[in-house]
Ligand SMILES: CCC/C=C/C(=O)SCCNC(=O)CCNC(=O)[C@H](O)C(C)(C)COP(=O)([O-])OP(=O)([O-])OC[C@H]1O[C@@H](n2cnc3c(N)ncnc32)[C@H](O)[C@@H]1OP(=O)([O-])[O-]
Ligand SMILES: Cc1cc2nc3c(=O)[nH]c(=O)nc-3n(C[C@H](O)[C@H](O)[C@H](O)COP(=O)(O)OP(=O)(O)OC[C@H]3O[C@@H](n4cnc5c(N)ncnc54)[C@H](O)[C@@H]3O)c2cc1C
């Protein structure tokens, strides 16, 4: 019922033969003679400026790649797809920020068409094709086609509807998008205004946009590319409004791509940052009484009969939100990808960059050796790993819930909603902030487009808003927390990620036994502190809401919503910490791999504890002294991570192409690359800039004339 996109774990494999490759999947870098202005730079043989860093690693990087990717098979497939993309000139992206919007959009169409051609020619599996698209790394209509249009039909269409529409979508005979949000409403899905009124005379629905605010607004791929959309509209039949339902609507001609009669379509305009998300044609759409056959209503959950009778299957209405739940879980995995890219750039560059420290002409200090740099960077490195593992777990949960739903077991629906909504909110917020932090960690050069960080930030930051504004989603988690707390008194045992709340008697009064910094390395000590903090914050909120006895519960919730947000964050951080601890408890092969993950797990947990110390102290879970000990241990852990830092980001296994950053290059040969990149800027195409004769020369001449008259 919630069937979404592919579950890559179960994908059938069909490899195309691949050439043998060197250990690191980048072409050997030969520093080229620079075309302009840099003739003094001599061609050099390949040099690994980070070799000394790599030599200090105390673990097996190849095995860490397996731990990161999930399996040896996953490393292998990702490696092949990444190289395939990196070696293909069509997928070049280093000039992207210099293209105009129109050029960028056309470039996106070209890349998408070429990617599809390669997928067909090489007969790639679904898993391989997904990865290939990921490494092309340019937001475009295909993301919504595969990521939302297809999953919506799979999840909400009947067998016949799937049989009819999916083959068309799979072969790109139609291109689809997901048209839910309107100009007037996004978060409040039940507030959408577009109508789908059944006309029994013709056996059709009439799709209409009654107001300006009912215009569909934002859907990716809608503006220029899509031929079809799953449109969410209020179903009206026999004079009654049955609320929001999904409909497959054709928007453009399959002959000449012109909008069909009654359909007004366009792009909503340029977005934040150069390049970045501007490759996507987020669109506006209005309907003027557009007719579609009745069988284009997605009828898996509810149906309208030929006579116009509304029939709702005996399933929870929230299944209509299934596509969003599917995408939210995939966004958590994407957060670890975006965060690990930023961290990889910042760690490698921090190892190359040197400032201060030399009084006598000796070597300067690598900025990675500054404790402040480590205390800003290593928690982000740990977070990348934490998000990766919680993302894997969430993918498992999603698959499990989907199977239960197929068997008409809806008991885990709430758990799935709380986990996907909360983890989406926390991981995207942290990642967006972390990318910006990585930019600052790279100093001035981080601000250059060639660092890759400005574009990564601009592409990533809307993840805090799309698929549910993060605050709105955290309030959903808070509601479920409050419901769970209120049920504790009745003796109902919470399950899943809320199970810890069942230990309410103990967790409300327990005192941490930590008495030395080392005690904080005990996972039980961490787990208990996080559980007690999350539970006490939730219980405090529930008490404050109920104490406002004069108010309705909803009004109390509204008043206390800032505190509720924090309680929801505490609960989600507990889940992330728990899943990291569980991961480290598993068998993990490879020399030193488990030890490194253990250290990163502790960094993650103690960093969160340090950052939110106020919560832990205010709820009395730990004492100020124990808080100070946690911080002391954190410093020791940073020292442990330091010699492994570069190898830990190498384990992400990213090609230079995918990273797209002169600062994050695998070989660390940053300065010639920065120098060379600068000359590629269109401003450097002419020595004397355009506009000199119009504006600069007359200005200078005028001033000279004035001066000569004096
Ligand atoms: C690549 C980028 C592409 C981007 C694409 C997009 O952005 S696409 C556009 C993306 N757009 C967005 O993401 C829009 C974000 N907005 C929303 O998802 C919803 O409007 C809402 C969740 C905020 C409110 O929901 P509501 O109006 O129904 O009102 P309510 O709060 O009263 O909840 C009623 C009950 O339903 C439960 N429940 C809710 N959701 C789920 C769920 N998914 N599953 C299961 N259950 C769920 C909830 O717990 C409650 O349960 P209870 O207490 O009765 O047992
Ligand atoms: C890049 C991008 C791509 C997108 N792609 C698609 C797509 O393909 N298809 C599609 O249908 N949509 C898409 N969207 C739309 C997206 O899903 C919505 O923008 C998102 O759900 C947020 O809704 P909103 O814009 O209505 O924000 P609003 O709800 O108007 O948020 C504005 C502010 O109000 C606050 N707020 C709102 N409600 C509450 C509340 N109850 N309590 C407290 N605070 C509240 C929010 O926290 C926020 O600070 C996309 C958006 C973006 C930015």
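Placement of Cβ uses the backbone N, Cα and C atoms for every residue, glycine included.
Bear in mind that TrEMBL entries carry predicted annotations, made automatically and left uncurated.
For 1-27, the entry in TrEMBL reads region 'Disordered'.
As annotated by TrEMBL, compositional bias 'Basic residues' applies to 10-27.
What TrEMBL records for 60-175 is domain 'Acyl-coenzyme A oxidase N-terminal'.
Marked as domain 'Acyl-CoA oxidase/dehydrogenase middle' by TrEMBL: 177-278. Model confidence over the domain 'Acyl-CoA oxidase/dehydrogenase middle' (177-278) is summarised by a mean pLDDT of 97.
Taking a C-beta cut-off of under 8 Å and a sequence gap of six or more, residue 181 (FAD binding site) has these contacts in its own chain: 216, 217, 218, 219. If you look up TrEMBL, you'll see 181, 220 marked as FAD binding site.
Taken from TrEMBL, the feature domain 'Acyl-CoA oxidase C-alpha1' applies to 321-482.
In the three-state DSSP classification, residue 467 (active site, proton acceptor) falls within coil. If you draw a 10 Å sphere around the CB of residue 467 (active site, proton acceptor), it holds 23 other CB atoms from the protein chains shown. What TrEMBL lists as active site, proton acceptor is 467.
As annotated by TrEMBL, domain 'Acyl-CoA oxidase C-terminal' applies to 522-701.
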Region pair the domain 'Acyl-CoA oxidase C-terminal' (522-701) / the domain 'Acyl-CoA oxidase/dehydrogenase middle' (177-278), three or more CB pairs under 8 Å: no
The domain 'Acyl-CoA oxidase/dehydrogenase middle' (177-278), counted residue by residue under DSSP: helix, strand, coil: 9 helix, 44 strand, 49 coil
For the domain 'Acyl-coenzyme A oxidase N-terminal' (60-175), the number of residues DSSP places in helix, strand and coil: 90 helix, 0 strand, 26 coil
Between residue 467 (active site, proton acceptor) and residue 220 (FAD binding site), the C-alpha gap once rounded to whole angstrom: 12
Cβ-Cβ neighbours of residue 220 (FAD binding site) (radius 10 Å): 25
